[in-house]
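K.L.:
These came from Swiss-Prot, pasted as-is:
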- 11-17: topological domain 'Cytoplasmic' (TOPO_DOM)
- 18-37: transmembrane segment (TRANSMEM)
- 38-411: topological domain 'Lumenal' (TOPO_DOM)
- 93-101, Arg185, Ser193, 317-319, 323-324: 3'-phosphoadenylyl sulfate binding site (BINDING)
- Lys123, Lys124, Arg140, Trp145, His150, His197, Trp204: substrate binding site (BINDING)
- His150: active site, proton acceptor (ACT_SITE)
- Asn264: N-linked glycosylation site (CARBOHYD)
- Asn320: N-linked glycosylation site (CARBOHYD)
- 352-387: coiled coil (COILED)
Amino acid sequence: MRRRRAGGRTMVERASKFVLVVAGSVCFMLILYQYAGPGLSLGAPGGRAPPDDLDLFPTPDPHYEKKYYFPVRELERSLRFDMKGDDVIVFLHIQKTGGTTFGRHLVQNVRLEVPCDCRPGQKKCTCYRPNRRETWLFSRFSTGWSCGLHADWTELTNCVPGVLDRRDSAALRTPRKFYYITLLRDPVSRYLSEWRHVQRGATWKTSLHMCDGRTPTPEELPPCYEGTDWSGCTLQEFMDCPYNLANNRQVRMLADLSLVGCYNLSFIPEGKRAQLLLESAKKNLRGMAFFGLTEFQRKTQYLFERTFNLKFIRPFMQYNSTRAGGVEVDEDTIRRIEELNDLDMQLYDYAKDLFQQRYQYKRQLERREQRLRSREERLLHRAKEALPREDADEPGRVPTEDYMSHIIEKW
């Protein structure tokens, strides 16, 4: 009877040990999975990465021919944007460049620790830093037109610091760092889009055009129309106005207008004025933290994400069917628009080349880093396989047995 009881206890003890060993092994494998395979997705068939990690961006053109020389420092745009510090993104919104869509991306589509608070019926969102009630974004949809409607580079650089000092007085103890960004668009498409917008009644007459501490006089900036707006104007009428701010708008809004006497056209000769404006716009564009092109939405998204180390929740969409795209114009009219926007044509050609070179540089750098990581992982895997197994000289030991159960068994 005692032998049966002793034998029963032995069987129970062995069964308990086996259950403990199996449970411990399962826990060990789960822990090992967490450390060894964090990049795998249980929900993705075939071990593929989840959709967020798939490469949504176009492959760089290997046959792209560079037009301009840019040093590496102009192609490297990897900033340490400190949202919890005193850094501020300032969006320079040029009319009819897709800035409204991009501006909404900034307040509604960026993956943030503390998302912007956008409430129905309100035109502005509250974009506070994660650690305090201060804004990290200066834009139409966050701070409104605080420096005037569609303020340009000259206005923003002189206005933004003061506006934020008044809004966030507690931040006066440390200087802010401003990161200017903008979007550019093909000049002909942008010009036609602005004409259609004006034709529907838009005026932007509340824009300040502040420069050197004052607004332009009526003599310096005469209106193109009489009355409240220019609705119903024909394309020919739009092109015939010599004071139309749509002409070379992108260069004017990116240049330092103080260099040419602001809107005083008699300050310097016309040819020299044009050259100074173009060179200033190129310089300021290069100095910006980021700029995108309306015609390349996915590449614009890619460069913004890599520049600021921020991720968008949803990918950008390329919409080629715009109001400007529906306008039928003949070749003579297109040439006329190109002549009226000659400075913008030169700037866009320059910007497009810089944009493409930055994209290619970033993609090649990223691919190179991926290859290096893959090579290191393969070498590490081979090194682990080459290590001798320490438990190979202990026959009879169950592979899934943990250390404590092995010691108990020896007792």
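Cβ coordinates are placed from backbone N, Cα and C, and glycine is handled just like the others.
Relative to the rest of the structure, where do these features sit?
P.N.:
The DSSP secondary structure for Thr97 (3'-phosphoadenylyl sulfate binding site) is coil. All protein chains included, Thr97 (3'-phosphoadenylyl sulfate binding site) registers 25 other Cβ atoms within 10 Å of its own Cβ.
Secondary structure at Trp204 (substrate binding site), as computed by DSSP, is coil. For Trp204 (substrate binding site), the same-chain residues lying six or more positions away in sequence with a CB closer than 8 A to its CB are Gln95, Leu149, His150.
Around His150 (substrate binding site), taking its Cβ as the centre, 21 other Cβ atoms fall within 10 Å, counting all chains.
The secondary structure of Asn264 (N-linked glycosylation site), as reduced to three states from DSSP, is coil rather than helix or strand. Asn264 (N-linked glycosylation site): 17 other CB atoms within 10 A of its CB, across all protein chains.
For the coiled coil (352-387), the list of distant contacts is 57, 59-61, 64, 66-68, 70, 72, 74-77, 285-286, 291-293, 296, 299, 302-303, 306: same-chain residues at least six beyond its ends, Cβ to Cβ under 8 Å.
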K.L.:
Of His93, Thr97, Ser193, Asn264, Gln318, which recorded positions are close to Arg140 (substrate binding site), meaning a Cα within 10 Å of its Cα?
P.N.:
His93
K.L.:
Hey, does DSSP put Lys124 (substrate binding site) in a helix, a strand, or just coil?
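P.N.:
Assignment for Lys124 (substrate binding site) reads coil.
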K.L.:
How big is the Cα-to-Cα gap, in Å, between His197 (substrate binding site) and Thr101 (3'-phosphoadenylyl sulfate binding site)?
P.N.:
16
K.L.:
Could you work out which of the binding-site residues (Thr101, Ser193) has its C-beta surrounded by the smallest number of other C-beta atoms within 10 A?
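P.N.:
So among Thr101, Ser193, the binding-site residues given, the one with the fewest Cβ atoms within 10 Å is Thr101.
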K.L.:
Looking only at Cβ atoms, how many others are within 10 Å of the one on Gly99 (3'-phosphoadenylyl sulfate binding site)?
P.N.:
21
K.L.:
Can you tell which of the binding-site residues (Lys123, Lys124, Arg140) has the fewest other C-beta atoms within 10 angstroms of its C-beta?
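P.N.:
Candidates: the binding-site residues Lys123, Lys124, Arg140. Fewest Cβ atoms within 10 Å: Lys123.
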